[in-house]
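Right, one structure below, let's go through it.
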Amino acid sequence: MPTSWKDSGLRWYWIVVLVFIADQLSKQWVLSSFELYESVKLLPMFNFTYVRNYGAAFSFLSDAGGWQRWLFTFVAVGFSILLSVWLRQQSTKMWRLNLAYTLVIGGALGNLIDRLQHGFVVDFLDFYWKTSHFPAFNIADSAICIGAGLIILDSFVSGKDVKKSDDIKE
């Protein structure tokens, strides 16, 4: 375990701040510039559309009656603490996991603030094909998904790195 926070994954925490600020600024812009369900076409297959998400990813549990707000708050706080502890315990050189954890934390905190402030998450990135729309999402959701993907990738790549080092020792 690193002896100082400067030698640990916490050195990557600036990414949490960057994701959080980008997410919150984009959502404030949407709230001040769009009416609910207002949509602006930017590119073929891509709109800015202001929607409210009372659930989790892909509107999971959005019609559950309100209790899910506190469940998702607890989950966001819990995962942010857990990943921060893991960041403190790993080397700053573990760039893929450090990046992944900080992306997830930044995204979780961005959506957490929405839930606490508004009771819902502001979503606005709307991709579609013909008449089929992918569920709208935001910068925080993107950061969480990219972070989760990097964690999965690291589990495969790290395993290969360990195998290579074992082969070299033999």
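Every residue gets a Cβ built from N, Cα and C, even glycine.
Keep in mind that what you see is a predicted model, and the values were worked out from it rather than measured.
Taken residue by residue with DSSP, D123 (active site) is part of a strand. Taken from Swiss-Prot, the feature active site covers D123 (among others), and the record attributes it to sequence analysis.
Positions annotated as active site by Swiss-Prot: D141 (among others). Mapped onto three states, the DSSP output places D141 (active site) in helix.
Taken from Swiss-Prot, the feature transmembrane segment applies to 12-32 (among others). Long-range contacts of the transmembrane segment (12-32) within its own chain (CB-CB distance under 8 A, at least 6 residues past either end) are made by residues 48, 50, 87, 92, 95, 98-99, 101-103, 105-107, 109-111, 113-114, 122, 124, 138-140, 143.
The transmembrane segment annotation in Swiss-Prot covers 67-87 (among others).
Positions annotated as transmembrane segment by Swiss-Prot: 94-113 (among others).
Outside the transmembrane segment (133-153), and at least 6 residues removed from its termini, the chain residues within Cβ reach (under 8 Å) are 19, 22-23, 26-27, 49, 51, 53, 57-59, 96-97, 99-104, 106-111, 121-127. Sequence annotations record features per position, and here Swiss-Prot assigns transmembrane segment to 133-153 (among others) based on sequence analysis.
Note: the CA-CA distance between D123 (active site) and D141 (active site) rounds to 9 Å.
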